[in-house]
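Student: If you scroll down you'll find the structure; I have some questions about it.
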Amino acid sequence: MTETASEPAPGAPEEPEEKRETDPPEGGWGWVVMLASMWCNGSVFGIQNAFGILFVSLLKEFGSETDDDLRFKTAWVGSLSMGMIFFCSPIVSVFTDLLGCRITAVGGAAVACVGLLASSFVTSLGPMYFTYGIVFACGCSFAYQPSLVILGHYFKRRLGLVNGIVTAGSSVFTITLPYILTGLLKRVGLAYTLRFLSIFMFVLMLAGLTYKPLLPKPVSSSKSGSRCASLKRVFNVHIWRSLGYRIWAFGIPAALYGYYVPYVHLMKHVEERFGADTNKEVLLTCIGITSGVGRLIFGRVADYVPGVNKVFLQVSSFLVIGLMSMMIPLCHVFGGLIAVCLLMGLFDGCFICIMAPIAFELVGSQNVSQAIGFLLGMMSVPMTVGPPIAGFLRDRLGSYDVAFYLAGIPPIIGGAVLCLIPWVEAQRRRKEAQPAAEATEKMLESKNGAQVKVKPEEPESVI
């Protein structure tokens, strides 16, 4: 959501020169920063979304036919990785404030690179939980969040457009990486494929070096109460006073218990139902393409939806995603799965692109960063737990059917909970408007009474 600068009122004092100098340049070096941020978004979430390809390879590399919990254990690798990216978000926001975007991003990319390189030398699943699920993911989290914060240093009027381009990077990588990974796994194996992916993180380190900050850092006060003020600034409890935000912050995680299940298990499900030679990568490609299209379409649609009614777009996205998850076991023709993935990707883009606009509506522009950070942190738990549960069900029941059916239930329930937000916000506005209206009415009455009291009587005409 972008803010447009309003024209100064006639007679208003002009802004000081130093304030105008900090206005975003709306381009210039900012376009380089935008491309670097796009690479970050694409490489981080492209690798995460393509984990289904690595999942199949991990089963073959470390699996045993006598292990009854094989898929349950293997799914934890990808689930930990995705969950840690979101779990670290509140912590990353603190480091970004303290160290700046450049140092945080470069350091995070370096840690992610080390995590992938270490994963390539692992010979069992146990260490992979740490190297890939924690080290690599934490590095990605520290590299990702500054890539979004730095955009505000260079763009204001064009920030919406630039954010759309940057987030589309994950769609581009989600489309291309499955084919690249499949080819590499066949030719060089899992270890060298992970080493190849570490090159992406090395390039991400170089991209982080372009994050030259333009806005000044907030100056910390040396007064006696400054430490408490700093803690309040880091841990913003004001956002939790909004009932609408509390519903949103708990409703979205509730909807995400089944969200990441298709990304992890769909490839293996296709192998089991349609054969190992099936062109399963096309399904991730479909999700990636329509997710990018959905971000552009619904991002524009959200501009025309007033206030917190934008929540209904998220409700519709969760409803469709839940239904599509339940449709996966019912598709006995590969073309049916393609149609399901196209719809799932389209509304996945809808869910993602309107996160920030809804946060602006619920807590205001001053609190939006903390609001999104806390939400991402809470999202980590369901996104981590869902895929291993699906793998456990597959190991016990012999197929993924029940797992996909159950994965569709949380999005529908979470979407139903979010429907309360517009009603709650309307009630809050009415309560806030009532005292203001009464105060205005009393002020007008007192003003009119004063005018009547001081008005002198006109003398009767003598004519």
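Counting begins at 1 with the first residue displayed.
Positions of Cβ are set from backbone N, Cα and C atoms, glycine also.
Quick paste of what TrEMBL says about this protein:
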type     : residues : note
REGION   : 1-25     : region 'Disordered'
TRANSMEM : 29-55    : transmembrane segment
TRANSMEM : 75-96    : transmembrane segment
TRANSMEM : 103-123  : transmembrane segment
TRANSMEM : 129-152  : transmembrane segment
TRANSMEM : 159-180  : transmembrane segment
TRANSMEM : 192-211  : transmembrane segment
DOMAIN   : 237-463  : domain 'Major facilitator superfamily (MFS) profile'
TRANSMEM : 243-262  : transmembrane segment
TRANSMEM : 282-299  : transmembrane segment
TRANSMEM : 311-330  : transmembrane segment
TRANSMEM : 336-360  : transmembrane segment
TRANSMEM : 372-390  : transmembrane segment
TRANSMEM : 402-424  : transmembrane segment
REGION   : 432-463  : region 'Disordered'
COMPBIAS : 454-463  : compositional bias 'Basic and acidic residues'
Student: Which one of these stretches, 29-55, 103-123, 311-330, has the most C-beta pairs shorter than 8 Å to the transmembrane segment (159-180)?
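Tutor: The listed stretch sharing the most Cβ pairs with the transmembrane segment (159-180) is 29-55.
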Student: Under a criterion of three or more Cβ pairs within a distance under 8 Å and sequence separation of at least 6, are the transmembrane segment (402-424) and the transmembrane segment (103-123) in contact?
Tutor: no
Student: Where among 75-96, 282-299, 336-360, 372-390 do we find the most Cβ pairs under 8 Å to the transmembrane segment (103-123)?
Tutor: 75-96
Student: What is the average pLDDT across the domain 'Major facilitator superfamily (MFS) profile' (237-463)?
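Tutor: The predicted confidence over the domain 'Major facilitator superfamily (MFS) profile' (237-463), as a mean pLDDT, is 81.
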Student: Under a criterion of three or more Cβ pairs within a distance under 8 Å and sequence separation of at least 6, are the transmembrane segment (372-390) and the transmembrane segment (311-330) in contact?
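Tutor: Not in contact, no.
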Student: With pairs 6 or more apart in sequence, are the transmembrane segment (192-211) and the transmembrane segment (29-55) linked by at least 3 Cβ pairs under 8 Å?
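Tutor: These two segments touch.
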Student: Within this structure, do the transmembrane segment (29-55) and the transmembrane segment (129-152) have 3 or more Cβ pairs under 8 angstroms, counting pairs 6 or more apart in sequence?
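Tutor: Yes, the transmembrane segment (129-152) and the transmembrane segment (29-55) are in contact.
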Student: Tell me whether the transmembrane segment (29-55) sits in contact with the transmembrane segment (282-299), defined here as at least 3 Cβ pairs under 8 Å among residues 6 or more apart in sequence.
Tutor: yes
Student: Do any residues, 6 or more residues outside the transmembrane segment (336-360), come within under 8 Å Cβ-to-Cβ of it, and if so which ones?
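Tutor: Same-chain contacts beyond the ends: 1, 163-164, 167, 171, 248, 262, 266, 270, 282-284, 286-299, 302, 308, 310-311, 313-314, 316-318, 320-321, 324-325, 327-328, 330, 368, 371-372, 375.
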